[in-house]
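Participant: Got a structure for you, questions after.
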Amino acid sequence: MEGAHFLLVYALLALASSIAFASDPGPLQDFCAATNDPSTGVLLNGRLCKDPKLTTVNDFTFSGLNIRADTSNQFGFNITFAIIDEFPGVNTLGISTARIDFAANGGLNPLHLHPRASEALVCMEGTLYAGFVTALPEYRLFAKILRPGDAFVFPQGLIHFQLNVGKTDAVAFASFNSQNPGVIRVAESTFGANPPIASKVLAKSFQLDRDTVHQLQNKFGGNQDIDLEMIVANLFDEL
Ligand SMILES: *[C@@H]1O[C@H](CO)[C@@H](O)[C@H](O)[C@H]1NC(C)=O
């Protein structure tokens, strides 16, 4: 009987604690356009809010998402974010948006994740191969070819990508359930960390030799490796 009671309480507690907040906290007032000028700021929630009397419709408007951005970079893609930094009206609302342009024949939004948001992506032009990978232990890939009008969701924090597999430029629009979704690109955050992660860590993590790691570090960060052995040796000398 005691045991059954304990189990019941345990089950109820487990249920209660599974109710987690999956997006930014809800707004505490109708609106709160962001300002970087503390002298015009009031009512703190998220970013500092601009004095409502000074807030205009322009704070709630972002223009230029119709403009194709330059994709002549190594990945052949470009992302135009309308998030808190560029779009003060989203402050405290838990939403933001972006346009993604892909060059014809292989433009890639490389492997990345958003630490603070799930993403809904709508393919507007072209043909995209998009997917995400689940967490340990399955690392299951969910991937699909998207045509104009197709939407795809990428769950918060999971690694995902979009590749233009068509012969024409492609464009997609993304929405996030955060005013500041954050972006972590897998290659840049590991091989381009600043200061660099010691190549010993990278070589063993990715099961590569150190020359390959140095090549990747040069490509993604331009950072010199740090001499971990020397740092450790000096540490023992000091002891
Ligand atoms: C993205 O496009 C903008 C506008 O065309 C351009 O100024 C910027 O340099 C581009 N960024 C990259 C990484 O290509």
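Even glycines carry a Cβ here, placed using N, Cα and C.
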Participant: Taking His160, His214 as the options, which does TrEMBL list with His112, His114, Glu119 at the Mn(2+) site?
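Facilitator: The candidate from His160, His214 that TrEMBL ties to Mn(2+) along with His112, His114, Glu119 is His160.
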Participant: Under 8 Å Cβ to Cβ from His160 (Mn(2+) binding site), same chain, six or more residues apart: give me those in sequence order, or none if nothing qualifies.
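Facilitator: The list for His160 (Mn(2+) binding site) reads Leu111, His112, Leu113, Glu119, Ala130, Gly131, Phe132, Val133, Phe154, given in order along the sequence.
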Participant: With DSSP assignments reduced to helix, strand and coil, which class does His114 (oxalate binding site) get?
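Facilitator: Going by the DSSP assignment, His114 (oxalate binding site) belongs to neither helix nor strand, so it counts as coil.
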Participant: When you average the Cβ positions of His112, His114, Glu119, His160 for the Mn(2+) site, which other residues in that chain have a Cβ within 8 Å of that mean position?
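Facilitator: Neighbours within 8 Å of the Cβ centroid, excluding His112, His114, Glu119, His160: Leu113, Ala117, Phe132, Phe154, Leu158, Ile159, Pro181, Val183.
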Participant: Mind checking how the domain 'Cupin type-1' (65-214) divides into helix, strand and coil residues in DSSP?
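Facilitator: DSSP classes over the domain 'Cupin type-1' (65-214) add up to 22 helix, 57 strand, 71 coil.
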